[in-house]
Amino acid sequence: MVGGNGDGDGQSITIKKRSCGCNKQDFLPEESFQSWASYGKALCDTKTRLKDRLFARSLDHLELHEMRARSQHEMKRSLNWFDLIWFGVGGVMGAGVFVLTGEAARNEAGPAVLLSYLISGLSALLSVLCYTEFSVELPVAGGSFAYLRVELGDFMAFIAAGNILFEYIVAGASVARSWTSYFATLFNHQPDEFRVNVGFLAEGYNHLDPIAIVVSIAICVGASLSIKGSSRFNMVATVVHIVVIVFVLVAGLTKADPSNYSTFTPFGIRGVLKAAAMLFFAYVGFDGVATLGEEIKNPGRDIPIGLIGSMLIIITTYCLLATTLCLMQPYNQVDVDAPFTIAFQAVGMNWAKYIVALGALKGMTTVLLANIIGQARYFTHIARTHMAPPILAVISETTGTPVNAAVVMTVANSIVAFFTGLDILSNLLSIATLFIFTQVAIALLVRRYYASQETSVTDRNKFILLLALIIMSSIGLAILWAVGENGLPGYIVMVVVWFLATLGIRLTVKEARKPKLWGVPLMPWLPSASIAINVFIMGSIDGPSFVRFLVWTFLLLVYYLFVGLHASYDAAKETKGEVDAGQGTNIEAGVASDIQVGTRT
């Protein structure tokens with residue numbers, strides 16, 4: 001038996017330590033899966049259990065203490081705000097600048113790609129603010145999964161969890177394939193020449209990439225050995241990356257041709273917004289910094305500085321680089337695979353492409369490192385709730401890192417990277433990311449304006465109605481845009497509804513909770529704006545990507561109904577029994593029909 005921390009009053013609970021090796025109990029230890037008869041009984045009880053889990057909301061102290069204790073060992077607290085800024089910059093900056101800028105400029109926005117970066121950057125910054133308030137008060141490895149479990153409930157957290165993992169797999173695969181493209185340019189080959197073309201596979205899935213697998217495995221090994229060592233490597237590599245970016249800006253602007261900006265928006269405002277939806281991919285990765293909460297020395301100080309500071313640096317850098325690229329080349333000549341390398345070659349600075357390619361490889365390596373670190377910690381916390389096999393929640397006693405989760409996620413990344421083209425991956429990623437960020441913004445409004453057993457029935461009903469109007473008006477704007485509706489009255493109506501609903505929350509609903517250490521300013525305007533912008537950008541994404549997204553969500557629901565629902569129900573019931581025996585208190589709402597909804601700390 002190993003001790004787990006209590007809820008802060010010095011008490012503790014005991015957690016069963018899983019034995020070494022790998023057996024059925026490591027994957028499905030819950031009561032419902034001990035025999036076919038038990039599983040059949042659980043399936044027959046699906047309706048009752050689903051009702052229970054739909055309304056189950058976790059508690060702050062459960063996520064902070066009891067859930068963490070299920071990992072057997074603690075992660076090492078060795079990071080500060082300086083580490084977080086480097087992780088933020090290193091984990092985000094790379095794929096967006098050196099990969100998608102070319103495709104967005106040439107095919108979607110032209111020189112106005114600058115505006116696309118600003119729009120997607122604003123949306124990302126609003127999401128960063130929402131994440132920051134949560135991560136300061138809930139510094140756990142689960143990141144947004146834990147936040148949603150506390151505020152929107154067990155079921156919505158699971159749907160988010162599946163999309164979180166999907167997001168990270170797609171991101172890892174995208175950057176790994178981009179690594180291969182830039183590696184090829186170092187040896188004077190075309191970006192796609194180091195891949196193996198297989199004619200009998202479908203287009204977009206027929207360029208196999210073995211190099212991406214090798215790179216992913218190497219990064220996984222490094223990430224699993226030491227978080228502080230990973231931080232030092234990330235810092236050094238990011239410094240090199242920044243030096244290269246400064247070189248690109250200075251050298252590129254010496255070849256600037258202002259006439260390339262004579263047509264600023266060749267594809268119109270619709271192209272600008274479509275590019276913004278694609279380029280949201282460029283900001284993916286900052287949410288992974290929030291998963292380092294358990295390894296941060298002073299979350300209340302370090303997380304706001306690290307998250308917000310790194311995002312401001314990234315937005316500024318992206319806009320400068322996008323402007324430089326379009327000044328160097330006409331937008332219709334920009335290469336979609338390795339835009340900066342080919343741009344220097346086109347202006348007669350062939351030697352410079354090697355510096356750019358090397359810097360891009362450095363940047364993508366740190367993005368891959370931050371990706372695997374973030375996704376492993378997400379998966380660890382998901383496994384703590386038994387929505388994924390609990391063996392993946394184990395923290396290595398030797399390294400203090402989630403080795404099992406890192407290995408499993410690397411295998412998934414490698415399989416996707418081996419087959420799938422970047423254009424397919426980037427659109428899929430944007431949908432999953434925008435969906436999750438929207439949920440986090442909604443969850444923050446719930447956290448501030450609704451508390452069980454504290455918010456009056458009147459305030460609760462007003463809040464639900466006004467929040468529904470914010471969401472529906474945001475969807476309405478996205479639909480108007482997606483179908484190409486040019487009628488100004490429709491847009492005005494949706495904007496007015498959004499504004500009045502947000503104002504209604506501000507003026508008529510009593511705030512149920514004040515943040516203890518750091519809070520989002522201008523409540524509820526900023527989270528509400530985050531919802532509207534994220535949903536609106538989703539309206540610019542192509543239809544086939546939504547189909548793939550819905551198929552993935554359907555598969556998640558199938559898994560949940562047949563496995564995740566019963567595993568998490570049993571785990572919550574067992575944990576409640578253990579804590580009731582040791583502390584005489586309920587820790588998770590909704591475990592059984594006769595349990596009162598717990599008041600959150």
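Each Cβ is built from the backbone N, Cα and C atoms, and glycine gets one as well.
Straight from TrEMBL, the features:
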- 78-100: transmembrane segment (TRANSMEM)
- 112-134: transmembrane segment (TRANSMEM)
- 155-176: transmembrane segment (TRANSMEM)
- 234-253: transmembrane segment (TRANSMEM)
- 273-293: transmembrane segment (TRANSMEM)
- 305-331: transmembrane segment (TRANSMEM)
- 351-374: transmembrane segment (TRANSMEM)
- 428-451: transmembrane segment (TRANSMEM)
- 463-482: transmembrane segment (TRANSMEM)
- 488-505: transmembrane segment (TRANSMEM)
- 517-537: transmembrane segment (TRANSMEM)
- 518-568: domain 'Cationic amino acid transporter C-terminal' (DOMAIN)
- 549-569: transmembrane segment (TRANSMEM)
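Across 112-134, 155-176, 234-253, 305-331, 488-505, stretch 112-134 shows the highest tally of CB pairs under 8 A with the transmembrane segment (273-293). In terms of DSSP helix, strand and coil, the domain 'Cationic amino acid transporter C-terminal' (518-568) has 40 helix, 0 strand, 11 coil. The recorded stretches the transmembrane segment (428-451) and the transmembrane segment (112-134) share 3+ CB pairs below 8 A when only pairs 6 or more apart in sequence are counted, and are therefore in contact. Within the same chain, the transmembrane segment (234-253) stays apart from the transmembrane segment (463-482): fewer than three Cβ pairs sit under 8 Å, each pair at least 6 residues apart. Comparison of 112-134, 305-331, 351-374, 517-537 by number of C-beta pairs under 8 angstroms to the transmembrane segment (463-482) places 517-537 first.
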